[in-house]
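Visitor: The structure is given below, and queries will be raised subsequently.
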């Protein structure tokens, strides 16, 4: 049996551009793609924290060090520049693969620069003001 598990997450990135007239996809800074273990062409989900929209597309490598998070094509009708998003990649793992399973969770600042890298999907960075889903009362 294969299980579909979280593989990659870029948490609370800020959308820097959106253009209807691009080929559909999401352009992501190469540094963030590398940190999150996302490859060009890989299927990703994007969740818009500001409006609740969720969509599936694929990743395109953006210029390294620019912090670009670009929403391209029809998705630009659902997600706008300035919106906070979560970019998620999944993979299928066998029971054997799961013995060594760890996700890559990348937290970024307001300029989409990496501030923390972890492997726990429920991780909450210190001082972020976010709630831990395992301990919401804390």
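Using the three backbone atoms N, Cα and C, a Cβ is placed for every residue, glycine included.
Heads up, here are the entries from Swiss-Prot:
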| type | residues | note |
| --- | --- | --- |
| ACT_SITE | 25 | active site, schiff-base intermediate with substrate |
| ACT_SITE | 58 | active site, proton donor |
| BINDING | 57, 73, 74, 75 | substrate binding site |
| MOD_RES | 25 | pyruvic acid (Ser) |
| REGION | 116-138 | region 'Disordered' |
Visitor: Under 8 Å Cβ to Cβ from residue 73 (substrate binding site), same chain, six or more residues apart: give me those in sequence order, or none if nothing qualifies.
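Guide: In sequence order, 19, 20, 22, 23, 24, 25, 57 meet the Cβ cut-off.
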Visitor: Centre the Cβ atoms of 57, 73, 74, 75, go out 8 Å, and tell me which other residues of that chain have a Cβ in range of the substrate site.
Guide: 24, 25, 26, 55, 71, 72, 76, 78
Visitor: Report the largest Cα to Cα distance, in Å and rounded to a whole number, among the residues 57, 73, 74, 75 that the record lists as binding substrate.
Guide: 10
Visitor: Using the alpha carbons only, what distance in Å do you get between residue 74 (substrate binding site) and the residue listed as 'active site, proton donor' once rounded?
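Guide: Cα of residue 74 (substrate binding site) to Cα of the residue listed as 'active site, proton donor' measures 13 Å after rounding.
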Visitor: Across the region 'Disordered' (116-138), what are the DSSP residue counts per state (helix, strand, coil)?
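Guide: Taking the region 'Disordered' (116-138) as a whole: 0 helix, 3 strand, 20 coil.
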Visitor: Around the Cβ of residue 58 (active site, proton donor), how many other Cβ atoms lie within 10 Å? Please give the count over every shown protein chain.
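Guide: Cβ-Cβ neighbours of residue 58 (active site, proton donor) within 10 Å number 15.
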Visitor: Measuring Cα to Cα, how far is residue 58 (active site, proton donor) from residue 75 (substrate binding site) in Å?
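Guide: For residue 58 (active site, proton donor) versus residue 75 (substrate binding site), the Cα atoms are 11 Å apart.
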